[in-house]
Amino acid sequence: MSMALIVRPFFVPGSAGISGSRNICKKNQWRKYLLKPSGSSINCSFSTEKNPLLPSIQQLADARLIYSVSAALGHNKESHPECSARVPAIVNALEMNELTPKFRGSQILELANFKTATVEDIANVHDKAYVFGLEKAMDEASDSGLIFIEGSGPTYATSTTFQDSLIAAGAGMALVDSVIAASRNSVDPPIGFALIRPPGHHAVPKGPMGFCVFGNVAIAARHAQRTHGLKRIFIIDFDVHHGNGTNDAFTEDPDIFFLSTHQDGSYPGTGKISDIGKGKGEGTTLNLPLPGGSGDIAMRTVFEEIIVPCAQRFKPDIILVSAGYDAHVLDPLANLQFTTATYYSLAKDIKRLAKEVCGGRCVFFLEGGYNLESLSSSVADSFRALLGEDSLASEFDNPAYLYDEPMRKVRDAIQRAKSIHCL
């Protein structure tokens, strides 16, 4: 079979630097959000009664955290960073730290049964030619055992990849369903966390890219709009790499705000600070490349000075999070200095922000993270943050690995973003 069935995504070379002069302040585009009502109260007729696979109203009322698991064990390449050991390592850490329903009863809910995403769900974001091409490629993957589906890129497929990717997208959509349903009856709904793979934020509308097959967060965003009638979606992507796929999917959409923090100059070379969206979507994309060596201080500063005011001004109906754990100082694929404590702080602050701006509606989606120890400890501490419990990051983090952050460069990047986006 010819791999021409899989469309190789467009690659934009170059640094994710801070050059560029586009500025939404000059056009007063930011003022349009002041005319919008707060997204903290929505009219949604969706009920879990319409989907017997989802939790009951009482289960949702009792839960503080809902998670789903799609480990995609068949989607695996030995020695590849994005391998089948990732999600089981997280699940094992949750068990060891007593952060599962077995130990917490109704406080934590695992969404064990959910509908698989359909081709139509995927086609809300991706070209059908790509989706059907990937499905057909499964025959070749079955014969060969493993194929590469991104031209010369690193994204692989096995015979189960297509179905595994549909399941991953469905797991995220089901959490969106559950969180929105819970918010109809509570001002403090549970947070969702999709422990899924393959990851999604690099997958562009026309094809796979950077270990990613389907854009899980992007698909969930469209699902929230089209199934539940939510209008404005705020996406936070704190993976160490720019979420170019999500960026591309919504670059002209004024109702989806995409905000990415990522290491400057890292793969895939996109995410310049001057990329603020196009057409009607100009001003609803914010890219903030961080200099190598940025860590906890940098991210906490970015959160308070960039992420919070953007969300407050945009007034979303839900926050979706591309939760990549590869900015950790121990991760082998990048050069930032996040710690387990950084991820605890991010989860805690995002939960607080969601409660302030959108009635607590928030779902996290696993993206990167390739050191199994730092990945699993950081997700476990994120769970603690979402439950309102104290961090245990000090048991894992080692200050000896850290060095001074380049805060002058960080401050320059923040000021540039503030100037461009009128913050």
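Yeah, the Cβs are placed from backbone N, Cα and C, and that goes for glycine too.
Going through Asp143, Asp317, Asp326, Asp331 against Swiss-Prot, the one listed in the Zn(2+) site together with Asp239, His241 turns out to be Asp326. Secondary structure at Asp239 (Zn(2+) binding site), taken from DSSP and collapsed to helix, strand or coil, is coil. Close to the recorded Zn(2+) site, the chain also has His201, Val240, His262, Ser266, Gly324, Ala327, Leu333, Ala334, Glu367, Gly368, Gly369: residues not among Asp239, His241, Asp326 whose Cβ is within 8 Å of the site's Cβ mean position. In this structure, the C-alpha atom of Asp239 (Zn(2+) binding site) lies 11 angstrom from that of His202 (active site, proton donor/acceptor). Here the region 'Histone deacetylase' (62-392) returns a mean pLDDT of 98 for the predicted model. Here His202 (active site, proton donor/acceptor) is positioned 14 angstrom away from Asp326 (Zn(2+) binding site), judged by their C-alpha atoms.
Here the CA atom of His241 (Zn(2+) binding site) lies 9 Å from the CA atom of His202 (active site, proton donor/acceptor).
In the three-state DSSP classification, His202 (active site, proton donor/acceptor) falls within coil.
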